[in-house]
Amino acid sequence: MNRQNRTSRRAQRFLAFTHITVDFYQGALPALVPIFVAERNYSYAAAAAVVLASSLASSIIQPLFGVMGDRFRIPGIVPAAVALAGLGMGLFVLTDSLFITGIFAAISGVGVAAFHPDAAKKARHIAGDDDVVLSWFSLGGNLGFAVAPLYVGVTVGILGLDWAWLLGLPAVAGLVSLVMVDRILGPNWRPASRRRGPMDTDDWRGFAKLVAVVIARSIIFVATASFIVVYMQQERGLSSFWAQAALFIFYIGGAIGTLMGGTLARRFSRIAVVQAAYAALIPVFIAMLLVPGPLALFFVALASLLFFVPFSLQVSLGQDYLPNNMGTAAGVTLGLAVSAGGVASPVVGAVADNFGLLKALLPLVIFPAAASVLLTRMRDPRL
């Protein structure tokens with residue numbers, strides 16, 4: 001391994017750590033819902049509205065930051081975004097007002113939105129075409145989601161919302177990590193070389209197909225993450241502890257799946273890896289819903305791997321489809337990965353209310369099936 005590769009790997013690890021601290025704020029809000037209900041007497045609907053304020057601010061605005069980043073150079077946007085994400089949530093300590101709390105949550109969401117496009121573009125410039133090194137960046141986001149409920153539980157879960165300023169500390173750590181990225185790369189750093197495809201022009205048609213695949217994944221993924229705990233309790237008969245463990249397994253398995261995707265893409269085309277993952281997800285998802293008892297957790301873990309194998313590969317594919325608009329590509333693929341499913345989840349919930357969770361979740365296998373079919377009509381821009 002040459003010196004440039006070692007430098008890139010070190011810098012990417014610190015950038016991935018910063019991604020942990022930013023996506024922590026997306027994972028922390030759902031964990032705060034029961035605390036808002038217990039301590040501030042918010043209704044569940046009101047507490048959920050706080051989560052929605054952040055999610056909408058993040059997911060809808062994120063593509064706009066991507067477009068802006070491709071059109072204009074905005075110095076300091078990444079550290080400012082990290083600071084804003086932490087500041088918004090740390091300010092929860094100042095008020096009991098639902099409206100003001102929602103505004104602070106939206107501020108945090110804007111910080112999250114501003115971070116991803118430019119940070120993802122920098123991660124790609126550091127990694128070049130090394131999908132394993134690039135997958136570390138996505139891994140950071142997955143770990144941020146996973147550790148957030150644990151951190152919330154041992155801080156404001158025990159000490160109360162008067163200690164909500166502790167929620168700002170991960171952002172401080174993220175800012176320190178960004179300083180390390182710049183120190184490692186140095187003033188003379190240049191982006192890693194990237195293999196040119198047959199055409200180095202933007203392929204908007206190919207990108208549109210990829211967006212459809214991302215939306216399909218988002219719908220089934222967000223619905224699964226939203227209802228897996230109650231499903232495992234009510235339909236599979238697991239205890240509350242093991243039902244909660246299912247969600248933790250779901251996120252941790254995703255971290256492993258992200259790394260697997262990058263590793264597999266070194267040997268096979270990214271399109272082939274993504275297509276195989278979605279095709280394999282179909283029977284695994286069905287088994288996860290139908291297998292009784294604790295054995296269902298095995299299929300939760302397996303489904304998690306298959307959900308996340310495509311994750312970082314879809315980001316890099318988007319950037320290769322739009323080599324002249326990498327920020328836009330990252331903003332759309334990362335933003336839709338959450339927002340599309342968030343829009344569809346209430347529909348899934350309404351079906352569950354009327355017909356039961358199994359009948360609401362089982363038909364969702366049509367989405368990975370459709371994604372797998374669509375991928376047969378797509379090409380890898382590198383080939």
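Every residue, even glycine, has its Cβ placed from backbone N, Cα and C.
In TrEMBL this protein carries:
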DOMAIN    11-383  domain 'Major facilitator superfamily (MFS) profile'
TRANSMEM  14-36  transmembrane segment
TRANSMEM  42-65  transmembrane segment
TRANSMEM  72-92  transmembrane segment
TRANSMEM  98-120  transmembrane segment
TRANSMEM  132-151  transmembrane segment
TRANSMEM  163-185  transmembrane segment
TRANSMEM  206-229  transmembrane segment
TRANSMEM  241-259  transmembrane segment
TRANSMEM  271-291  transmembrane segment
TRANSMEM  297-317  transmembrane segment
TRANSMEM  329-351  transmembrane segment
TRANSMEM  357-376  transmembrane segment
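Remark: the transmembrane segment (163-185) contacts the transmembrane segment (72-92), by the rule of 3 or more CB pairs under 8 A. Of the Cβ pairs linking the transmembrane segment (357-376) with the transmembrane segment (271-291) and spaced 6 or more residues apart, 3 or more are under 8 Å, so the two regions touch. Model confidence over the domain 'Major facilitator superfamily (MFS) profile' (11-383) stands at 88, taken as the mean pLDDT rounded to a whole number.
Same-chain neighbours of the transmembrane segment (206-229): 243-244, 246-247, 250, 274, 278, 285, 300, 303, 307, 310, 314, 317-318, 321-322, 329, 332-333, 336-342, 344-345, 348-349, 352, 357, 360-361, 364-365, 367-368, 370-371, 374-375, 377-379, 381, counting only residues six or more beyond its ends whose CB sits under 8 Å from a CB of the stretch. Comparing 98-120, 132-151, 271-291 for CB pairs under 8 angstroms to the transmembrane segment (329-351), the maximum falls on 98-120.
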